[in-house]
Amino acid sequence: MDGLPGRALGAACLLLLAAGWLGPEAWGSPTPPPSPAAPPPPPPPGAPGGSQDTCTSCGGGGGGFRRPEELGRVDGDFLEAVKRHILSRLQLRGRPNITHAVPKAAMVTALRKLHAGKVREDGRVEIPHLDGHASPGADGQERVSEIISFAETDGLASSRVRLYFFVSNEGNQNLFVVQASLWLYLKLLPYVLEKGSRRKVRVKVYFQEQGHGDRWNVVEKKVDLKRSGWHTFPITEAIQALFERGERRLNLDVQCDSCQELAVVPVFVDPGEESHRPFVVVQARLGDSRHRIRKRGLECDGRTSLCCRQQFFIDFRLIGWNDWIIAPTGYYGNYCEGSCPAYLAGVPGSASSFHTAVVNQYRMRGLNPGPVNSCCIPTKLSSMSMLYFDDEYNIVKRDVPNMIVEECGCA
């Protein structure tokens, strides 16, 4: 590795990170390299020079890289690195192959009922707090994923299976289901009733236990109907059991006592009723016991050469991902760049660890413990909320940890 020039070594550092081989501490200056003829600029005036002030493991202290916006275009290698980074954080091997879209009417209804967002006239989805920034209050708390799965039918289903859903656990076998519900639309047909009376029915939702033959469990609910509308049925137990078995297909049978005689029709998968297609909503959490220490960092403003955070926004339309990522419209691929002189690395709070602070104190006394140099790296990462389709056409709302660089420091 010592024989590699700074620009090649920096590019290798970026690609290894995107492939998941390096941790977030290596996310330093993830920007395209300059042309071979462009020498790195000298250290800023007044700052100590030499290798001690740069991060040789990541291709230099900011001098060996150029920002994407300075290139006048988004570099292909940079975009590919960002793509791999996002897919790895979503635990996806590749981008979902969206061959046929979920009917817009069904998606609009689901988002509206969940108060999750709205669809604009141009077809784009607006989701509160999903603007590409960090989700508020997400750091240090348990991460909650929301999964929306729409009902399907096929010729392989048994005579008893009315509906089935492919519910993904997003690659996590230890998800704990906080709540899961079936949303079912009950439609009222013309029927003569006494004035002020309601139609009272009992809806039974049977869910099949995989591996137990014809064994079914049931959830019952009495429903008083005055008009057509949506109703929810708790199926938390069924979804939790599904996740624990490592399976994805949920088979349901819906039966309604007195529905026929009272002219009540449960709407299943009907081409003429796409806006009323049944769907399942799952809220699951995966606890994170790690604690982060808040540190303050500089913002790159064009006037400082010290370690700072550079903001950079990538529109998903530019990389052709707006077909499977519903919201947000883009990603803040912020990164860290700049030099790390010894006096900055030794300031309490700017180092990422106690070990780093001790090493820097040795340096300042002239007792260098070896060829260990400071890097400008993220010291605070935050979560990002995303709403997207997975391979099974589930709509997934997920708080993805450690997605956005919030602050940078020297370590």
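Here the Cβ of each residue, glycine as well, is placed from N, Cα and C on the backbone.
Out of CYS300, CYS375, CYS408, the record in Swiss-Prot bonds CYS336 through a disulfide to CYS408. Here CYS307 is paired by Swiss-Prot through a disulfide bond, and of CYS13, CYS55, CYS58, CYS376 its partner is CYS376. According to Swiss-Prot, the cysteine that forms a disulfide bond with CYS308, out of CYS300, CYS340, is CYS300. A disulfide bond in Swiss-Prot ties CYS340 to one cysteine from CYS375, CYS410, and that cysteine is CYS410.
Across the structure, CYS307 (disulfide bond) and CYS340 (disulfide bond) are spaced 6 Å apart at their Cα atoms. Using a 10 Å Cα-Cα cut-off from CYS376 (disulfide bond), the recorded positions that qualify among ASN97, CYS300, CYS308, CYS336 are CYS308, CYS336. Within the same chain, the residues at least 6 positions away from ASN97 (N-linked glycosylation site) whose Cβ sits under 8 Å from its Cβ are ASP391, listed in sequence order.
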